[in-house]
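Chemist: If you look up TrEMBL, you'll see 43, 62, 557 marked as Mg(2+) binding site. Look at TrEMBL and you will find 65, 554 tagged as Fe cation binding site. Taken from TrEMBL, the feature Ni(2+) binding site covers 65, 551.
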């Protein structure tokens, strides 16, 4: 007899996400549904505004990847007006983007996702001396893993446990059957978890040096950047470079070694190594290294075939709302291109049903009306195909493009873990790809810094002039690669103000519901075939969804909670805070 499991909310993410799955008698997931329970309407707010304000408003879409939407809003307007910012401005934007990618990727693994791989309580059983010795297996310069440092970390954890409150480590599924790291390895990861609290501050400062502050930097403007004095100050340039080197060192000698360790130990854990579901990937070029030279590649890979790289046709990017809590008005089209996109709420609610309760018994519950509408997220499609976006897509496209930077790091990871290429197409591979992307930037990002310094010797321009003709209509877009994948903003300008604005963000691509052809989105497909060891502790579901680094605040554009309370697995929010 099939059973329904509801995980609501999925925590340690940005925003509100609910996952419902159907399992068979062997506890294998046969169907899955992804739903956002949050409506925002940021796109609607931008309508009627001066287009020069679009970036400042758009960055409020998210409090984590604020720079991504800021840059997207500014660049979309520049594209509409036909503006090409000076190379100095483009390179400064690239440096800020690298800082965000650094920050987002390391915070994701340790703060948001690491506890899905690391059994923290197991670290209490570790031998700190043996753990210190083990750390040299993975790096010649291990970070924060001296025997004394590990003993201190272990004592902090022990004091937490003795106090009766584990704080940020509360409510974990400790002892779960699918954990694979040894006590010593868990202690190493925990030590890096704590060290990250210092490192993420350095990454944030990298953005603030050229952006005035982080989050919500303020130095981008239509036409270029305003941080002129910082760009021309050798001290500020040196400060940015030194912080880059600090974060890059952590990536190379803590983050990357921890992923290699996980790759070795989880190689035979089917819940993380099985196929990734969707094998359609799309990514866009990003991280400008010099004039017209990018670190990350563009393209489309279909059916996991990296022998063929297809160019992106922007006209094939469309969204539909068949199973989303929206409706399209004044059109018979099922899919709309973002230039013509609509964001009209049409909430139809949940329905009465049943789910598995905490005691593994069937109980009444409010559940998604999956035959109709069931999410505040739209369903983006490329040529009517569901696609996965994110670092895994970036790595897969990079391999297909024979990108030397990406290929070198990806090949090294597979060699160090002794994993086959196919292992990348999995939950483990998706998590590793985020590290591969971070290491690719750590190893090559200073090329952009050097290009900026060199260009400043002969050119100190930072902003291009422009004019907005109120009697002319404009349209433009930004497409780029941000921490969670391919992001695009699309704008129409009429009478000098924004007539229409649509953002197609990474988590919309990944978390969207079924489409009119009943094709599942990336989250939903990634769960199919996963075996759940314990229905009352669905760690496998949480781990797989976390591997995408969900940002639901970005992907929807409030529900009334006055209805009946849900019976489901509650992954308490305090588990996500530190």
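Each residue, glycine too, has its Cβ placed from N, Cα and C.
TrEMBL annotations: computationally assigned, not manually curated.
Keep in mind that this is a model prediction, so the values were computed, not measured.
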Chemist: Enter the number of other CB atoms within 10 angstroms of the CB of residue 554 (Fe cation binding site).
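Modeler: Other Cβ atoms within 10 Å of residue 554 (Fe cation binding site): 26.
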Chemist: Under DSSP, is residue 62 (Mg(2+) binding site) helix, strand or coil?
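Modeler: DSSP call for residue 62 (Mg(2+) binding site): coil, neither helix nor strand.
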Chemist: Of these binding-site residues, 62, 65, 551, which scores lowest on Cβ atoms within 10 Å?
Modeler: 62
Chemist: Including all protein chains displayed, how many Cβ atoms other than that of residue 43 (Mg(2+) binding site) lie within 10 Å of its Cβ?
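Modeler: 22, counting other Cβ atoms within 10 Å of residue 43 (Mg(2+) binding site).
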Chemist: Just the number: how many Å between the Cα atoms of residue 551 (Ni(2+) binding site) and residue 62 (Mg(2+) binding site)?
Modeler: 8
Chemist: Distance check, please: Cα of residue 43 (Mg(2+) binding site) against Cα of residue 65 (Fe cation binding site), rounded to an integer number of angstrom.
Modeler: 17
